[in-house]
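Novice: Below: one structure in structure tokens.
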2 protein chains.
Amino acid sequence: MAEPLRIALAGLGTVGAGVIRLLAANGDLIARRAGRSIEIVAVSARERGKDRGVSLDGFRWLDDMTEFAALDEVDVVVELVGGSDGPALALARKALAAGKGLITANKAMIAHHGMELAALAEANAAPLRYEAAVAGGIPAIKGLAEGAAANRIERIYGVLNGTCNFILSEMATTGRDFGDVLAQAQALGFAEADPAFDIEGTDAAHKLAILAALAFGTRLDFPSVDVTGIDRIRAGDIAQAGALGYVIRLLGIADCEDGADTARLFQRVAPCLVPVSHPLAGVTGAINAVVAEGNFAGRLLFQGAGAGDGPTASAVVADLIDVARGNVPPPFSLPVASLAASAPADPGHRRNRDYVRFMVDDRPGVLAEITAAMRDAGVSIESFIQQGHPDERDGRPVLVSMVTHEGPEAGVAKALSLLDGSPSMVEAPLVMRLLG
Amino acid sequence: MAEPLRIALAGLGTVGAGVIRLLAANGDLIARRAGRSIEIVAVSARERGKDRGVSLDGFRWLDDMTEFAALDEVDVVVELVGGSDGPALALARKALAAGKGLITANKAMIAHHGMELAALAEANAAPLRYEAAVAGGIPAIKGLAEGAAANRIERIYGVLNGTCNFILSEMATTGRDFGDVLAQAQALGFAEADPAFDIEGTDAAHKLAILAALAFGTRLDFPSVDVTGIDRIRAGDIAQAGALGYVIRLLGIADCEDGADTARLFQRVAPCLVPVSHPLAGVTGAINAVVAEGNFAGRLLFQGAGAGDGPTASAVVADLIDVARGNVPPPFSLPVASLAASAPADPGHRRNRDYVRFMVDDRPGVLAEITAAMRDAGVSIESFIQQGHPDERDGRPVLVSMVTHEGPEAGVAKALSLLDGSPSMVEAPLVMRLLG
């Protein structure tokens, strides 16, 4: 058997401890599969003494994780510290510059600095892999970059944030409102104390930007992702969607049109209405799923646990096995220099069916006002629902929702601008697209 | 850019023509992703003159495909002829012996001769890959052997035959009986004129045996797969299952227990009851799906088109891209010499909940006879359903079904042996396990 692959582990939170446990439990099997053993030689974290439920005996301890880059006995650095910048980025730069491999679960760092790090990896012939950064334990990066490599990818989309999916699933099951379910998710550990990063869609946007670059061969463009979170969704929206045969999922969706000079990249994270017959409608709880539509393969779906120490460790170690086996394609499938520049697509021309929801004062003329605005903007209404029975109307705001026929996004945007400032509107209307 | 990867294509049916179309449509993209172009240099098929909708200009034609093995200008042979033996096997042996790579979509050949071919590939340092042999366009082999490589696989199962799944889905949607729907499937091209290979489960068994060897690191053992087809399923079974919250799917299921000396490998293809909430319940029509349960990753699902020229070509070319990139792990993930011997597991000790259906003469005492047999065999009944309203009973056979509490398979087998030869039984009882 060949020489062991020697790794240094930076960050000993739940995922770092998971990697240690996984290598202890499955190490013999992994050595047989990889053709060589994978051995942890050094570790680093903020606090040395903390009890993590795993033994650190036999691993060299460094207080300064960036010193891994200088250790001759380290082949690959595994970065599980997190954060787009700071120590994680400093470590990544130093490790790659020193020709060490870098395996990371850090979606924020890859979304922000993936191009720089990939160029550094190429320049130093150092492996850079990040399967665990997208969709936890699911081999979505591998499925896309290798499994679907024969295809022009026409669209990529998926359920990319387990916290949001847990909340939306729970709202649907219990009929409870967003705030209630968020509090429960926090109590159960499915949502952070500060949940903004998840529920505002930023985490999903990081993952989507990475998938889009891989799928379309474009340079990473995280800042252009159009992001809407789930915090404005009401129990009433979920009920209305259900009555129409849809469930609500926070989706990341991307596609790319070849332009005259630059590709037009569309990237959006937003809650969408998904038909109950679609595979993503069955993705409940903290599960993630990624769909890639290839021009020959058709629709491929990859589904599994989107987070958690075991699944994330599984993805990290899968990357290590690939490095041990010598399967090291370019980090973004193509060499960085040949990734295409892109500009954000103008969404105004995109044609969708939209769910539009209004919270309105229940008084005469409100529906006429809404329908007139739609008419004046050229928006055709497919169905229209006013929630609540007449005898329950006691001056409280009423939820009114509609589904439009397919039309350009600009149409609905114009209609809503016509209603802007209307005294009938208790809050801004909420638009969610129907997954087509 | 490196030298092209030069391929010879044996078999120009729908998949072969699909590979030609795919390389023509996506060739530039593939060359960028693989770092080198993939070029067809020679082709062979039974009839030279046939119109296949693709041009063969520029490809060398050979009447005898086994001569590919002797061509210096060929790096990889793509075998799309089919059949477990005969010309396909002769070509595979000669190509690998000559050190050529072999890419195949031939599940029967791999299921029967995979060990021999893998050994030959290793001995000659020749790549051997067969992604297209299992689950069409889905990168299930890659997902399992690479994506889930860090895991001990606890169970692998899936919907592996699109024809059967189409028939079962259609029976469920329309309420029609098996024979009717099979005839429709044949008319639509979803089933062969001789459908035995699909509906009796043989095709799914080929795929399951391949997945099991990969998942558990055991030698291929196709002959030991316990196979039951779908031809005995009645519309009444689907209705009963539906009433209980289940759908019927033909599943391939495998797991493996470490034994004292040899591993105990369980491999079964049989129609099963799948809870409507399970992801496989949503796999309808000609779609395939593979589930791998890893000891760290948890449940991973890979889903997509299980057949068709485009998806199958996508899988074939993904293998070619891997070869072009130099990603060539051992054909069965481990070197052949280190694959474990296995013996078939004794299913009698396995604990399941079973659906058992009887077609009986409608006369006094039949239910007492069945329930007595269950009691005498120690089988505990969870629910019991007799189909049909009393006023419809006019001496025609009646469908009676039950679901057992969890118990050993041997219990139900014993109960059925007690009923063997009973004049009340119009046909042999049908047993389907509930997916747990």
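Using the three backbone atoms N, Cα and C, a Cβ is placed for every residue, glycine included.
These numbers come from a predicted model, not from an experiment.
For A:Lys207, the entry in TrEMBL reads active site, proton donor. The NADP(+) binding site annotation in TrEMBL covers A:Ala10, A:Gly11, A:Leu12, A:Gly13, A:Thr14, A:Val15, A:Gly16, A:Ala17. According to TrEMBL, the feature NADPH binding site maps to A:Lys107. The L-homoserine binding site feature in TrEMBL is assigned to A:Glu192. Marked as domain 'ACT' by TrEMBL: A:355-433.
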Novice: Of the residues in the domain 'ACT' (A:355-433), how many are helix, strand and coil by DSSP?
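Specialist: Tallying H, G and I as helix, E and B as strand, the rest coil: 25 helix, 26 strand, 28 coil.
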Novice: Please list residues from the chain of A:Gly13 (NADP(+) binding site) whose Cβ is under 8 angstroms from its Cβ, counting only those at least six apart in sequence.
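Specialist: Listed in sequence order: A:Ala45, A:Leu80, A:Gly82.
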Novice: Spatially, which candidate from the recorded positions A:Lys107, A:Glu192, A:Lys207 is nearest to A:Thr14 (NADP(+) binding site), comparing Cα atoms?
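Specialist: Result for A:Thr14 (NADP(+) binding site): the nearest of the recorded positions is A:Glu192.
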Novice: For the recorded NADP(+) site, whose residues are A:Ala10, A:Gly11, A:Leu12, A:Gly13, A:Thr14, A:Val15, A:Gly16, A:Ala17, find every other residue on that chain with a C-beta no more than 8 angstroms from the centre of their C-beta atoms, and list them by sequence position.
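Specialist: Along the chain, the qualifying residues are A:Leu9, A:Gly18, A:Val19, A:Ala45, A:Arg52, A:Leu80.
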Novice: Where does A:Gly11 (NADP(+) binding site) sit in DSSP terms: helix, strand, or coil?
Specialist: coil
Novice: Between A:Gly11 (NADP(+) binding site) and A:Lys207 (active site, proton donor), what is the CA-CA distance rounded to a whole number of Å?
Specialist: 21
Novice: Based on Cα distances to A:Lys207 (active site, proton donor), point out the closest of the binding-site residues A:Ala10, A:Leu12, A:Gly16, A:Lys107, A:Glu192.
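Specialist: With Cα distances computed to A:Lys207 (active site, proton donor), the winner among A:Ala10, A:Leu12, A:Gly16, A:Lys107, A:Glu192 is A:Lys107.
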Novice: Which residues of the same chain, at least 6 positions away in sequence, have a Cβ lying under 8 Å from the Cβ of A:Gly16 (NADP(+) binding site)?
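Specialist: Set apart from A:Gly16 (NADP(+) binding site) by at least 6 residues yet with Cβ under 8 Å, we have A:Leu9, A:Ala10, A:Val43, A:Ala45, A:Arg52, A:Val78, A:Leu80.
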Novice: Taking 10 A as the limit, how many CB atoms besides its own sit near the CB of A:Glu192 (L-homoserine binding site)?
Specialist: 14
Novice: Do you know offhand how many angstrom separate A:Glu192 (L-homoserine binding site) and A:Ala17 (NADP(+) binding site) by C-alpha?
Specialist: 19
Novice: With every protein chain in view, what's the tally of Cβ atoms within 10 Å of the Cβ of the residue listed as 'NADPH binding site', excluding that atom itself?
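Specialist: Looking across every protein chain shown, the total is 27.
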Novice: May I ask for the distance between A:Leu12 (NADP(+) binding site) and A:Lys107 (NADPH binding site), taken between their Cα atoms and rounded to an integer number of Å?
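Specialist: Cα-Cα distance, A:Leu12 (NADP(+) binding site) to A:Lys107 (NADPH binding site): 17 Å.
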Novice: Mind giving me a neighbour count for A:Ala10 (NADP(+) binding site)? Other Cβ atoms within 10 Å of its Cβ, every protein chain shown.
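Specialist: I count 25 other Cβ atoms within 10 Å of it.
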Novice: Which whole-number mean pLDDT does the model give the domain 'ACT' (A:355-433)?
Specialist: 89
Novice: Fewest other CB within 10 angstroms, which one of the binding-site residues A:Leu12, A:Val15, A:Ala17?
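Specialist: Output over binding-site residues A:Leu12, A:Val15, A:Ala17: least Cβ neighbours within 10 Å is A:Ala17.
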Novice: What is the interatomic distance between the Cα atoms of A:Ala17 (NADP(+) binding site) and the residue listed as 'NADPH binding site', given in whole Å?
Specialist: 19
